[in-house]
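Q: Sharing a structure here in structure tokens format.
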Amino acid sequence: MNSMLHIESNLLQIERSIEQIDIKGQYINLASPIYLSGQLNINELLAQYSNNIAQSDTSSVLQIGVDEAGRGPLLGSVNVASAILPRAWSGLIEGQPLKDTPLSILTDSKQLSEKKRDMLYPLVQQHAIGYVIADIPAAVIDQVNILQATMLGMRLCTEVMLEVIAYHLNDMAQDVHQLHAEVLFDGNRCPELNYARLVELGVEEKVDCQAWIKGDARHTSIAAASILAKVSRDKTMYALDAQHPEYGIAKHKGYPTRAHMEAIETYGVLAAHRRSFAPVRKALKR
């Protein structure tokens, strides 16, 4: 795993390239690197951590929302994001914790127009205490299947977030054992985290993983992650569209529309197509 951390002012910039992954004690060479990027606001982390401990005298609770975008398309990556909002902003959407904040319109990204998602994307990045975005390429999806690729992305976004938080709390002479992380995953299951890594970080007993069905429409932290995942994936689709305008990728975003299937039939299968998906397999056999 290639890791890069840049500190600009109080913002820690996160960049990771993962070529090999430990799954249940076995290292697997990935068919293509998984790229992660993100940011941690160190001052805001310390302020919230200290404030939470002062109020409870026991622990500091951070809520990490995690969501994905792009499981259904035939083309390109599946993107996953984790996000930590300020504690007062993190909660059930119906409770309106974002009222009168810059993120007041935030909800499930699928319920928002592309214009509103694009508007929220930099605002989430600006106001989040921390976030991580993972890009899991088609080659890895084909290697492990789309469900496992998504779970892997969720796991990595969570572990990288916890790692940089634990590292900087220790660096600032804070007791990391007082950290309690509630990790809220959109969907009906949680990924299996690398327990050995959590032990190394000293947080193995303080990570509470929760599966939230339709969580992106229920919890602000998951909705924030949903925006990051969706817009980051759209950006990769627009980049592919610029390289292959004849496929109309900007319109269908890789989903199996009639126009997309006709483009595959006319121009063939691209390197970024998911060969493990039935329509692409069928096209390759022609």
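Placement of Cβ uses the backbone N, Cα and C atoms for every residue, glycine included.
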Q: Which of Asp186, Asp208, Asp234, Asp241 shares the divalent metal cation site with Asp67, Glu68 per Swiss-Prot?
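A: For the divalent metal cation site that includes Asp67, Glu68, Swiss-Prot also lists Asp186.
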Q: Using a 10 Å radius around its CB, how many other CB atoms surround Glu68 (divalent metal cation binding site)?
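A: So the Cβ neighbour count for Glu68 (divalent metal cation binding site) comes to 27.
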Q: Taking 8 Å from the centroid of the Cβ atoms of Asp67, Glu68, Asp186 as the cut-off, which other residues in that chain fall inside it around the divalent metal cation site?
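A: Along the chain, the qualifying residues are Val66, Ala69, Val80, Ala81, Met154, Phe185, Gly187, Gly215, Asp216, Ile222, Ala225, Ser226, Ala229.
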Q: Pop the mean pLDDT for the domain 'RNase H type-2' (61-286) in here, whole number is fine.
A: 94
Q: Judged by the number of other CB atoms within 10 angstroms, which among Asp67, Asp186 is the least packed of the binding-site residues?
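A: With the binding-site residues Asp67, Asp186, fewest surrounding Cβ atoms within 10 Å: Asp186.
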